[in-house]
Amino acid sequence: MDLLSVVLLTVLACSEAQNMINVTGELGQDVPLTCSFSSPDIFWFMEVQNRISAGIGRTYSSVPTYFSPDLETKYSISEKKLLVRNLSAEDSRFYFCGRKDDGRTVYGDTIRLIISDAQNVMELKAELGQDVTLTCSFSHPEIFWYMEINNKPRLGIGSTYASSFPTFSSPGFGSRYSLVENKLLIRNFSVEDGGLYFCGKKIRGAMIYGEPIRVVPGK
Ligand SMILES: *[C@@H]1O[C@H](CO)[C@@H](O)[C@H](O)[C@H]1NC(C)=O
Ligand SMILES: *[C@@H]1O[C@H](CO)[C@@H](O)[C@H](O)[C@H]1NC(C)=O
Ligand SMILES: *[C@@H]1O[C@H](CO)[C@@H](O)[C@H](O)[C@H]1NC(C)=O
C-alpha cells in the first residue's frame, strides 16, 4: 500500500471497528491512547471529518514513522500507545489503531478522546432576546470565531482583521453576529444560540484556540 492511500484512508468507522472506548483528558495535558491489540506494526488514524480518517503514523518494528512532519510535534507513537500532547479542544475526536492482516487493515477499538471541560470552560449566562458579548481569552489582530455543532465539527462564524470589516463565513451571519476586536456579539440570543464557542488565532498557519466559552440561557 503506498503512502497516499494510507494517509487518505476512508474508514467506515462504526461498522468495521470494535468497541468504543472513551478517554478523557484536560486541556494542556498529554494523554496516552492505548491500542486494544499488540503488533510490531501498529498504524494510528484519526477521524478528521465524518467517517474520513487520516493517518497519523505507524510503529514499524518499534521505530515510529509519522505521516507528516507536523504530526511529530503533536503525537508520539511508541509500542501500542499514541500520546496526544498538550490537548486542545480540537483533539476531541475519534482515533483508531490498525494493523495489516493479509494486506487488509484490521482495526482495534475506536477511542473517543473527550476533553474534560470541568475547569477550563468559561460559562456565560445569556438572557433570551438580549445581545450577548463573548470576549476571547486573548487579543490578537486577527481573531476567528467558531461554534460547536453536535460536538464537532466546529462551524466557523467569521473573523476580524485589525479594524477592517469582519469577514463572516455565511452571508446570513452578518445580521446575527457582530465582531469587533476580540469580541463576538450574538444578537437577540435564542435557545439555539446556546452552546460552546471558541475563538482562535493563527500562529504560523496553525490555529490556536482560546478558552472555550459555554453560553447557556439564563439570567
Ligand atoms: C462515551 O462518551 C459519549 C459522549 O460523551 C457518551 O455518549 C457515551 O455514553 C460514553 N460511553 C461510555 C462507555 O462511557
Ligand atoms: C499548549 O498549547 C497551547 C495552546 O493550545 C499553547 O499556548 C502552549 O504554549 C502549548 N504548550 C506547550 C508546552 O507546547
Ligand atoms: C428576536 O428573536 C425572536 C425569535 O427568537 C423574534 O421573534 C424576534 O422578532 C427577534 N427580535 C428582534 C429585535 O430581531
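Residue numbering: from 1, along the chain as shown.
Note that Cβ sites are derived from N, Cα and C of the backbone, with glycine treated the same way.
Any TrEMBL annotation is an automated prediction that lacks curation.
Keep in mind it's a predicted model, so treat the numbers as computed, not measured.
The signal peptide annotation in TrEMBL covers 1-17.
Residues belonging to the domain 'Immunoglobulin' (20-116) score a mean pLDDT of 89 in the model. The domain 'Immunoglobulin' feature in TrEMBL is assigned to 20-116 (among others).
Positions annotated as domain 'Immunoglobulin V-set' by TrEMBL: 30-99 (among others).
Among the features that TrEMBL reports, domain 'Immunoglobulin' is placed at 121-218 (among others). When the domain 'Immunoglobulin' (121-218) is classified with DSSP, helix, strand and coil residues number 7 helix, 52 strand, 39 coil.
Sequence annotations record features per position, and here TrEMBL assigns domain 'Immunoglobulin V-set' to 131-201 (among others).
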How do the residues of the domain 'Immunoglobulin V-set' (30-99) split into helix, strand and coil according to DSSP? 9 helix, 38 strand, 23 coil
